[in-house]
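Enquirer: What TrEMBL lists as cyanocob(III)alamin binding site is 184, 230, 384, 385, 386. Feature annotation from TrEMBL assigns disulfide bond to 159-195. The feature signal peptide is assigned by TrEMBL to 1-18.
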């Protein structure tokens, strides 16, 4: 019995020593300054930046990528020229999606992603091409709440945009109590509540938020001990904890172990997007701290399509070959109200190198003679011919013969086709 007691004491001492060693290692990591965490965030941001497609965007993920990179700007040296490209890609992506859904609304969560991204890039979501996207989001969220739906991300976005209401706060507190086992959802709810209860008119409820955050931290640490939290939940939970009035780093060692050698988290855009602000010791709410140069923001805003009316969405296609064996490439361009086809082609070439073109000026205007490095070939009797398909797929192609591209004014939903084909065809 005496030996058993001694053995238990030794095992307990070793276990305590292991805990101390782990805590000391984490403490040393953090005490090295935020430099180690900043380095981890920089590696994650670098990986995210490198996932851009040939058009210098991330497709549908562009708004969230823009947010993550904006929150990581202390951790990654990103040239202003590259940041300008991100901003322009975001504007094009948003204009395209708003145009595609002209007959229906973007979901509130999707709209929230774009509003967050506009805030991140110092563009005004209340004046995007003449539209107040914050007011639109407020209207949609109010309708969803009346129908019994509550999505926390749009409420956090509305708070960041100065549109929080008392009803938002009470609805979030109620929803938080009704989803005790959904740590990822609770993380987003707490982020929204943290933003709202920091505002003076709602500060009386800050203590209630702090108590809920404390209870959440206990559940989160329990999930870490049981190894039941995935990387997405860990990242969101760390953001929620970072949004409190004191810093809780006890989950960092488990979280950092999820980062791959390439800097990503599970080779996932979504996981890495969630992870970056957590590594920066902050959260999505840090969007409120971004300092924007008013003159710079204004210059970026005026570079967008004409804000007095919604943008025209014009498809530009390249066709090479005949119907049976035809290669096609298409981009959709958000064009200003007074843009000519020459303006549209310049925007298309900025987005995709395949649309880079060469032209000359004739009595009939600017004529294209080479696209994607492929010039007209008189010996083979093939050349680039300009066609236009008006307002929908059921209309026929019409060749434009006697006008240069600086004298063609596309309409919304037009399809422009440059077809590399024989002179005798059509």
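Going from the start of the chain as shown, residues are counted 1 onward.
The backbone N, Cα and C atoms fix where each Cβ goes, and this holds for glycine too.
How buried are these features, and what lies next to them?
Expert: In the shown protein chains, 19 other C-beta atoms lie within 10 A of the C-beta of residue 386 (cyanocob(III)alamin binding site). Reduced to three states, the DSSP call for residue 386 (cyanocob(III)alamin binding site) is strand.
Cβ-based neighbour count (10 Å, all protein chains) for residue 195 (disulfide bond) stands at 25.
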Enquirer: How big is the gap, in Å, between the Cα of residue 195 (disulfide bond) and that of residue 386 (cyanocob(III)alamin binding site), rounded to a whole number?
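Expert: About 53 Å separate the Cα atoms of these two residues.
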Enquirer: Taking the Cβ of residue 230 (cyanocob(III)alamin binding site) as centre, how many other Cβ atoms lie within 10 Å?
Expert: 14
Enquirer: Which state, by DSSP, holds residue 230 (cyanocob(III)alamin binding site): helix, strand or coil?
Expert: coil
Enquirer: Given a separation of at least six residues and a C-beta threshold under 8 Å, show me what packs close to residue 384 (cyanocob(III)alamin binding site) in the same chain.
Expert: 368, 369, 370, 371, 374, 376, 418, 419, 420
